[in-house]
């Protein structure tokens, strides 16, 4: 079986599940997008493998004299939550709404944001070379020889404090999730009010939508508590994640702050890449919405 046969089989299965015209929106620019995303992940790994800038330091510097402690949340757990939770929710919502279009755009936005964040974070870590608060504990400084005697991997990692990778990773995933939920519930669009919905409460919707950012903030705080990062590291890491998550969401989804994103034709739809027969490829009508739209929305 050739690659063309495999692709044809996959497309046939998708059409069987989601409908004959379920892939009418798909075009070659999305293939380019996926290739670029993969290249960004490769680039991020390449940058991480490069020699970190070895900044001079003073053994008497109080900013790097903190103890080396265990982490409250590991990199693996943080990455799993920041990427898998938004991805799973996107798939579940897309499947519930019978839309491979939404599943594709959601996954692409999540993964693209993570890739962009990784490249920016790794590049800054390697070039800045800021020492972690627990660097001297890793270094095990020998005053007589004026050299670090600790584990070499731990020492090198101790030179990668700025910015916080935990913070940027947590914030990119949770920023996307916040915007995704806002796009489904109109929580950030105060001029539009769903009159009939299981999310009728304005404040209730706002709490639900902002809860992912609370998790990301907690992750950032733990990095300071664990003496893995300085406060500037987590602040900049958080800003990188917010920027990457926001820009990649808005590449593929409409502005959740704009009333025009919640019309009968566009509510909950991904951003169309092109028009098909004069109709935006993201338009659709009649399927399930997480919140009512059209006449059921009241402008206030």
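Every residue gets a Cβ built from N, Cα and C, even glycine.
Annotations in TrEMBL come from automatic prediction, not curation.
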Candidate ranges 133-150, 151-168, 205-222 [criterion: TrEMBL lists as transmembrane segment]: 205-222
Of 80-97, 98-115, 260-277, the range TrEMBL labels transmembrane segment: 80-97
Candidate ranges 28-47, 80-97, 169-193, 205-222 - greatest C-beta contact count to the transmembrane segment (234-253) (under 8 angstroms): 169-193
Remote residues contacting the transmembrane segment (205-222) - C-beta distance under 8 A, at least 6 residues beyond either end: 71-73, 78, 81-82, 164, 166-167, 170-171, 173-175, 177-178, 181-182, 185-188, 199, 234-235, 237-238, 241
Secondary structure composition of the domain 'Phosphatidic acid phosphatase type 2/haloperoxidase' (105-249) [DSSP: H/G/I, E/B, coil]: 99 helix, 7 strand, 39 coil
